[in-house]
Amino acid sequence: MFSWANKDGKKKDPELFQTVSDGLKRLYRTKLFPLEDTYRFHDFHSPALEDADFDNKPMVLLVGQYSTGKTTFIRHLMEQDFPGMRIGPEPTTDSFIAVMYGEQEGLIPGNALVVDPKKPFRKLNAFGNAFLNRFICAQMPNPVLDSISIIDTPGILSGEKQRISRGYDFAAVLEWFAERVDRIILLFDAHKLDISDEFSEVIRALKNHEDKMRVVLNKADQIGTQQLMRVYGALMWSLGKIVNTPEVIRVYIGSFWAQPLLVPDNRKLFEAEEQDLFRDIQGLPRNAALRKLNDLIKRARLAKVHAYIISALKKEMPNVFGKENKKKELIANLGEIYAKIEKEHQISPGDFPKLSKMQEVLAGQDFTKFQGLKPKLLEAVEDMLANDIAKLMTLVRQEEAAMPSQAVQGGAFEGTMNGPFGHGYGEGASEGIDELEWIVARDKPTYDEIFYTLSPVNGKVSGAMAKKEMVKSKLPNNVLGKIWKLADVDKDGYLDDEEFALANHLIKVKLEGHELPADLPDHLVPPSKRGL
């Protein structure tokens with residue numbers, strides 16, 4: 001059990017936290033929620049958090065235009081159909097589908113889903129029946145879902161008519177999910193990179209969550225290498241106009257389904273990209289507590305700024321006459337109020353809510369019900385950020401160390417883990433792994449010719465002599481140093497003919513673009529050194 005107390009012993013007894021989830025829930029309820037409630041944060045930005053928001057499994061949100069392969073991507077990960085699944089070239093998924101673990105396979109409709117306290121969806125009832133009729137939970141006992149949940153979304157359409165016919169604020173729903181998920185995957189079809197107006201609006205709604213975003217360029221096996229390069233460049237150019245971040249968003253290229261590759265030229269690229277994406281998803285359970293902690297910090301910073309804005313507006317309001325005119329004036333001059341708060345409280349401009357959105361929400365609010373500045377509420381949040389969060393971070397690390405390495409298991413994640421079809425099997429340093437003959441022996445006669453030109457003494461060459469030959473590879477010293485460490489099997493500071501051949505084999509592996517192993521694999525150990 002872990003505990004900490006406020007250094008000022010007069011204020012309260014120490015708080016006891018057994019888990020990170022327990023600590024986050026208590027900090028939110030006791031320190032952040034009172035500030036949010038007082039300044040009506042939930043009317044402006046985001047509904048109040050509930051226990052299920054802190055307890056739920058990591059979630060992956062899939063977003064993309066219709067027929068980009070979102071539903072097929074989920075099926076590929078799980079290697080199993082899920083209830084309510086429909087796949088086709090036309091817009092087939094017209095609902096938000098939360099694919100989650102359950103002992104019994106079945107569907108839970110949206111209205112029933114939002115009253116379940118064990119599910120993190122209760123606050124979605126604010127979007128009304130038009131949305132809830134298009135929201136379902138597909139439950140099934142799949143091992144992938146034992147570690148993560150996946151949210152499938154309706155295909156994004158182009159044109160104003162389709163956008164209006166939804167009957168609910170599609171971008172606002174996606175923004176609600178974006179705040180709570182661990183990973184947002186934007187899917188693009190290699191054949192249609194046009195980004196519609198609604199898709200642009202959606203991507204902008206996901207602003208402030210760029211750290212969670214990944215991009216998948218799907219169906220890339222249907223085009224050749226030259227065309228793929230052009231498509232990738234066009235995608236990055238299009239994204240650069242919408243996503244304003246100094247870093248480039250990570251793009252994974254491939255064909256995420258279990259069908260034969262139509263153009264197999266880029267098979268190795270697709271395998272490497274799929275493994276990178278799988279590793280990213282598999283790391284979500286391990287990093288879930290840290291993500292929730294990070295999201296709470298972002299929320300607390302926004303809540304603080306919101307409190308300053310609301311209290312500043314309250315301070316400017318007259319007591320009796322001219323309230324409506326003053327309200328309009330304050331909304332129009334909100335940018336100046338932002339600047340004043342920024343200077344007075346030393347707040348970063350990036351912490352302020354979007355000006356136009358804030359003005360829009362303020363227009364429908366009664367300023368007379370706003371609260372003035374309450375320092376004690378702000379001090380509680382400051383204390384949470386300055387002290388409690390830092391101590392909770394320590395607990396995160398302790399939990400990670402105490403738990404076995406968590407990773408998503410089952411489905412497609414198992415398909416390339418073992419056997420000869422694992423990623424990189426039989427390539428680079430793994431070449432010859434299942435052969436009886438020592439793989440280095442194939443080129444050893446060539447390496448022996450070089451070895452005997454180095455004037456070996458007692459059948460061995462010194463490090464200085466070996467270095468003269470190894471530097472001809474033009475590899476940097478740190479890489480050659482690692483190769484020397486791997487090749488000097490008996491650690492005597494010299495290389496015999498087998499060790500010298502091994503060093504040259506590892507140089508060849510590196511020059512061909514493969515990574516060096518951390519330790520020398522058994523199949524690369526020279527025959528004379530085995531059993532030492």
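For all residues, glycine too, the Cβ spot is worked out from N, Cα and C.
The domain 'Dynamin-type G' annotation in TrEMBL covers 54-285. When averaged over the domain 'Dynamin-type G' (54-285), pLDDT in the model lands at 85.
Positions annotated as domain 'EH' by TrEMBL: 443-531.
Taken from TrEMBL, the feature domain 'EF-hand' covers 475-510.
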Remote residues contacting the domain 'EF-hand' (475-510) - C-beta distance under 8 A, at least 6 residues beyond either end: 428-429, 431, 439-441, 443-444, 447-448, 450-451, 456, 459-463, 466-467, 516-517, 519-520, 524-529, 532
Tally of DSSP helical, extended and coil residues in the domain 'EF-hand' (475-510): 25 helix, 3 strand, 8 coil
